[in-house]
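Worksheet for the structure shown next.
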Amino acid sequence: MQMHAAKRVAIIIETVMQKRLTQALSSAGVSGWTILPVLGGSGRSGEWSREGQVGRGTGLVQVVCVVSPDKLDKLLESAFAVVEPQIGIVTVTDCEVLRAERF
Amino acid sequence: MLDLALNNLLSPIVLSFLLGLGAALARSDLSVPEAVAKGISIYLLFAIGFKGGVSVADNGFDLRLGATLLAGVALSFALPLLAFLLLRLLSGISRVDAAAVAGHYGSISIVTFVAATSILSDAGIAAEGYMVAVAAAMEAPAILTALWLIARGSGETRVEGDLWREILLNGSIVLLLGAFAIGILTGADGLARIESFIVSPFQGVLCLFLLDMGLVAGRGLRSGAKVLDSGAIAFGVVMPVCGAAAGLLAALVLGLSPGGAMLLMTLSASASYIAVPAAMRVAVPQANPAIYLTLSLAVTFPFNLTIGLPLYLSVAQTVTGG
């Protein structure tokens with residue numbers, strides 16, 4: 001099969017910032033993403049679990065998107081403006097996709 | 001007072017909370033599914049708002065309603081100032097963190113309010129129905145004061161239009177006020193139609209919710225206690241009493257009933273852990289959320305539920321002659 005190079009960007013962000021992040025992605029020309037709940041983890045404040053969260057002021061989500069390499073810089077600039085002051089992680093990995101036109 | 005405290009401690013709702021607290025501290029795997037907890041929260045807000053509206057429909061509007069709303073807003077604006085000063089005196093936490101915490105203590109805890117109404121109901125003590133609207137009115141102003149405290153200290157805040165929409169239209173405010181309006185519009189007839197839904201199961205549902213709150217508080221104590229110094233913990237107990245005193249003063253000036261006075265004391269003594277944390281995470285991301293969440297959930301809420309509420313009721317009855 002013909003494969004096409006792409007970039008997979010995964011951003012863990014506070015739940016309360018999710019909408020702002022997806023708006024930033026849209027402004028960077030990203031048309032699709034997937035949002036996943038984060039079950040728990042450990043950070044500078046210690047271990048935490050989704051079960052212990054009350055309201056939108058706590059908890060994290062992961063936003064995943066796959067983009068063509070030429071869109072990456074604009075995406076990161078836009079996303080980082082949202083993530084930088086918050087609790088969050090941005091990771092970028094190389095990947096391949098079958099349908100280049102979708103990204 | 002002792003009788004009240006003992007009766008409160010042995011009530012199903014407090015014992016349910018203690019069960020959850022103990023289970024979490026003992027690291028039990030007991031949990032309430034997230035969706036269930038959300039559903040219970042919606043039920044409680046609707047029920048308390050609706051019943052408040054029915055009460056207002058029965059008793060009518062008067063000047064005291066407006067005055068009490070204004071007093072609630074004023075308290076919400078002012079209490080963060082007291083909280084900020086007290087916290088800075090008692091604890092070594094930073095100015096930004098102290099201001100963020102202060103915002104929580106000017107706002108309210110609807111669960112604490114619901115528990116207070118339950119205690120009044122059990123005791124057969126009436127309260128002004130519009131206290132529900134006062135609770136809603138007190139949710140947001142404290143955030144403004146907190147942001148002002150931070151800005152005054154040259155701290156950075158991120159305030160945008162969407163944030164204010166989220167604050168003013170947060171789910172609990174919309175549901176509380178909406179149900180209140182429905183209660184006013186439908187009155188006693190409306191209540192008769194759905195009484196079997198919002199009255200009969202209320203106490204039992206509240207027990208389950210407080211079980212969950214106990215679990216949350218217990219987990220908060222286990223994970224968040226290390227971020228608090230002894231002064232901050234002391235603040236978590238002292239501030240509710242100071243807030244209640246301010247609420248009592250306002251209630252006396254307004255001429256509220258003993259039940260109404262107790263509710264205003266409770267609102268002034270409680271700390272937000274839903275609406276304000278969400279706002280602070282957006283506006284003041286540099287503040288440490290572990291501090292204000294642990295204080296609100298794991299220190300002040302348990303104090304209010306077990307000791308504060310019977311104390312406020314006893315004082316309200318004594319001072320108002322009820």
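All positions are counted from 1 along the displayed chain.
A Cβ is built for glycine as well, from the same backbone N, Cα and C atoms used for every other residue.
For B:6-26 (among others), the entry in TrEMBL reads transmembrane segment.
Among the features that TrEMBL reports, transmembrane segment is placed at B:35-54 (among others).
Within the chain, the transmembrane segment (B:66-87) has long-range Cβ neighbours (under 8 A, six or more residues past its boundaries) at 93, 98-99, 101-103, 105-108, 128, 130-131, 133-135, 137-142, 144-146, 149, 231-232, 235, 238-239, 242-243, 246-247, 250, 253-254, 256, 260, 264, 267-268. If you look up TrEMBL, you'll see B:66-87 (among others) marked as transmembrane segment.
Marked as transmembrane segment by TrEMBL: B:99-120 (among others).
Look at TrEMBL and you will find B:132-151 (among others) tagged as transmembrane segment. Same-chain neighbours of the transmembrane segment (B:132-151): 48-49, 51-53, 56, 65, 68-69, 71-73, 75-81, 84, 95-96, 98-100, 102-108, 110, 113, 157, 159, 167-168, 170, 172-173, 176-177, 180, 263-264, 267, 272, 275-276, 279-280, 283-284, counting only residues six or more beyond its ends whose CB sits under 8 Å from a CB of the stretch.
Taken from TrEMBL, the feature transmembrane segment applies to B:163-185 (among others).
TrEMBL lists B:197-218 (among others) with the feature transmembrane segment.
Residues 64, 67-68, 71, 74-75, 78-79, 82-83, 86-87, 90-93, 101, 105, 260-261, 264-271, 291, 295, 299-300, 303-304, 308, 311-312, 315-316, 319-320 of the same chain sit 6 or more residues outside the transmembrane segment (B:230-254) yet have a Cβ under 8 Å from a Cβ within it. Per TrEMBL, transmembrane segment is recorded for B:230-254 (among others).
Residues or ranges marked as transmembrane segment by TrEMBL: B:260-279 (among others). If you look at the transmembrane segment (B:260-279), the same-chain residues 6 or more away from its ends with a CB under 8 A from one of its CBs are 68, 71-72, 75, 79, 103-105, 107-110, 112-113, 116-117, 120, 125, 127-128, 131, 134-135, 138-140, 142-143, 146, 163, 166-167, 170, 172-173, 239-241, 243-248, 250-252, 254, 289, 292-293, 295-297, 300-301, 304, 308-309, 312-313, 315-317, 319-320, 322.
Residues 1, 4-5, 7-9, 14, 17-18, 21, 93, 97, 100-101, 103-105, 109, 111-112, 115-116, 119-120, 123, 125, 210, 213, 216-218, 220-221, 224-225, 227-228, 232-233, 235-237, 239-241, 244, 248, 258, 262, 265-266, 269-273, 276-277, 280 of the same chain lie 6+ residues outside the transmembrane segment (B:291-313) yet bring a C-beta within less than 8 angstroms of a C-beta in it. Marked as transmembrane segment by TrEMBL: B:291-313 (among others).
Sequence-remote contacts of a segment are chain residues at least 6 beyond its ends whose Cβ falls under 8 Å from one of its Cβ atoms, and for the transmembrane segment (B:99-120) they are 8, 11, 13, 44-45, 48, 75-81, 83-84, 87, 93, 126-127, 131, 135, 138-143, 145-147, 149-150, 153, 155, 172, 176, 202-203, 206, 209-210, 213, 235, 239, 243, 259, 262-263, 266-267, 269-277, 279-280, 284, 287-288, 291-292, 295-296, 300-301, 304-305, 309-310, 312-313. Counting Cβ pairs under 8 Å to the transmembrane segment (B:197-218), the top-ranked stretch among B:6-26, B:35-54, B:163-185 is B:6-26.
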